[in-house]
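Chemist: This structure is in structure tokens; I'll ask about it shortly.
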Amino acid sequence: MVTILFDGIAYGMLLFILACGLSVTLGLMNFVNLAHGAFALAGGYITANLMNRLGVSFFLCLPIAFLFSAAIGVLLERTLYHRLYDRSHLDQVLFTIGIVFMTVSAVDYVMGSGAQMINIPDALRGRVEFLGGSIGVYRLFIIIICGLLTILLQLGLVRTRFGSRLRAAVDDPRVARGLGINVNLVFAVTFAIGSGLAGLGGALGAEVLGMDPTFPVKFMIYFLIVVTVGGASSVTGAFFASLILGIADVAGKYYVPKAGAFIIYAIMVLVLIWRPQGLFARSATR
Amino acid sequence: MTEATMAVTTAQAPAAPAARRLLIASARWRWWEFAVWIAAFAAIVLLPRQLLLLNEIAILALFALSLDLILGYAGIVSLGHAAFFGLGAYAAGLIAKFGYGDPLLGLLGAAGCAAVLGFATSFLLLRGSDLTRLMVTLGIALMLQELANRESWLTGGADGLQGVTMAPVLGRFDFDIFGRTAYVYSLCVLLVLFLLARRVVHSPFGLSLRAVKLNPLRARAVGISVNVRLVAIYTMSAAYAGVAGALSAQTTQYVSLDVFDFIRSADVMLVLVLGGVGYLYGGILGALIFKAMQDYLSSVTAQYWQFWIGLVLVILVLVGRDRIGALFSRITVPFSRGARS
């Protein structure tokens with residue numbers, strides 16, 4: 001019981017780190033980005049390749065994965081994505097699906113279709129006993145890292161000058177521009193951080209979630225669930241939604257393996273019928 | 001003057017003559033429309049080796065047409081349209097498997113099942129934003145896929161539904177390995193359903209749908225009951241998609257789990273966008289381009305053809321769908337003016 005709860009929390013935390021970038025672009029900037037998983041894929045692959053081919057330490061790979069994905073994110077944002085901010089949702093969906101298709105095929109072509117293996121360092125292997133349950137050390141590591149990041153993110157968004165600039169830029173880009181805020185820069189940095197976090201999540205999660213070229217398609221749905229169920233307007237909403245989703249998924253797979261993902265989708269649809277703006281939405285989305 | 005325009009004129013009798021003329025003009029048959037259908041039927045004789053591919057094109061065209069009804073005319077963005085395609089495929093497959101091999105019966109059954117599901121789920125789409133709709137439609141398709149996977153005693157699970165044997169169409173035309181019967185059968189179904197759809201979108205009902213798409217708030221203000229119309233068109237579109245699924249199941253005599261795939265929903269959206277949204281021929285044109293592209297690309301780069309499809313999507317959006325549409329209508333300007341309002 002404790003083990004399942006703990007695994008669920010770890011899984012949920014991981015989902016949150018993977019999806020929180022999406023909750024900002026989709027929730028705050030109102031941009032439907034189905035290609036978010038591609039950044040996680042980039043993070044997972046760079047880690048696997050650095051570790052397996054060059055023997056770089058896992059702990060060093062994590063920040064590299066973050067920076068690598070963030071760099072790709074900012075590159076794409078500046079060249080392509082920013083053109084689509086004011087386009088219709090249909091255009092955004094089509095465009096990002098196109099990106100997903102291209103990523104999946106390109107990665108398959110370059111790296112092969114097999115799953116990427118990440119050997120986590122020995123220090124993170126093994127299990128500890130806790131409240132009568134046995135807990136993987138790696139899971140504990142994930143929870144600690146993701147927990148710290150969550151706190152940092154929340155503080156950054158609420159307490160810092162950059163956070164308030166971002167919120168202003170999202171609420172009303174024109175007025176924000178008039179106040180001298182460099183809206184384009186703010187969006188680009190936000191996008192980079194979101195992609196970077198996805199990359200970090202991909203690196204951390206490769207061992208737990210599995211990393212192969214179809215990753216962006218497989219987990220796109222989970223990311224979207226997190227954002228829509230959590231309510232697209234807050235990071236805390238996405239956080240709780242990830243935890244619920246993580247625990248429900250792990251528990252569901254353990255107790256009723258036959259029902260599989262059915263429960264998750266059913267819960268999502270029910271929540272969306274009940275509260276179309278998401279569970280934790282402050283107000284109607286714009 | 002066709003029937004459709006008659007209905008428009010009688011329903012809008014007090015309308016200004018200019019407006020009436022515009023509506024009549026927009027519903028009139030144009031020469032290239034006849035050309036499309038003549039070409040489609042001529043292909044039976046002219047391209048006897050490609051009939052299997054043509055059959056796939058006809059089915060995909062019908063599927064895309066069903067999406068056009070909701071996306072192009074009602075503005076509902078769906079990422080789970082495969083739910084209805086898949087349900088129709090399984091319904092038709094199961095009907096045939098349990099001894100009722102008559103294809104038309106299967107079509108009716110599939111259309112009925114899909115319409116019921118469409119009707120039931122349409123109420124979920126009346127609330128919320130585009131994003132909520134995307135997620136709900138996607139969620140329903142995924143739920144059905146899980147369900148089909150789990151209830152393997154009925155659906156065959158991951159192995160697919162086997163043992164589908166079809167009786168001859170109308171008791172006379174047996175399905176052959178060259179796909180001749182299959183293509184003619186699918187094309188006739190496509191034509192009939194197309195005519196019905198054409199009639200519907202040019203009727204007062206179809207016109208009011210466009211008003212809803214352009215501005216739901218104003219449409220409601222001028223007295224159009226928005227929700228009733230959305231439910232109706234969504235149900236109709238679901239039935240169409242169900243028929244497309246049924247055609248696929250009957251002509252291939254096999255149904256697999258991937259009928260519910262997200263990729264299928266995404267593909268059909270791409271097909272429709274390739275051909276153009278909101279003038280009914282987009283599905284047919286798109287299906288033609290898509291299948292030709294797929295056929296060519298998968299012979300060049302077997303497993304990576306999705307890359308090029310993705311590239312086409314990206315370019316399409318960056319260049320702007322409107323601009324490509326404008327280019328197209330400039331070529332056909334004298335005959336298609338008003339067709340894509």
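Indices start at 1 and increase along the chain as displayed.
Placed from the backbone N, Cα and C atoms, the Cβ positions cover glycine too.
From TrEMBL, here are the annotated features:
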- A:12-36: transmembrane segment (TRANSMEM)
- A:56-81: transmembrane segment (TRANSMEM)
- A:93-118: transmembrane segment (TRANSMEM)
- A:138-158: transmembrane segment (TRANSMEM)
- A:179-200: transmembrane segment (TRANSMEM)
- A:220-248: transmembrane segment (TRANSMEM)
- A:255-274: transmembrane segment (TRANSMEM)
Chemist: Using a threshold of three or more Cβ pairs below 8 Å, and leaving out pairs closer than 6 in sequence, do the transmembrane segment (A:179-200) and the transmembrane segment (A:56-81) count as in contact?
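Modeler: In contact, yes.
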Chemist: Of the listed stretches A:93-118, A:179-200, A:255-274, which one has the most C-beta pairs under 8 A with the transmembrane segment (A:12-36)?
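Modeler: Of the candidates A:93-118, A:179-200, A:255-274, A:179-200 scores highest.
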Chemist: What else in the chain is close to the transmembrane segment (A:255-274), if you only count residues 6 or more beyond its ends and a Cβ gap under 8 Å?
Modeler: 225, 228-229, 245, 248-249
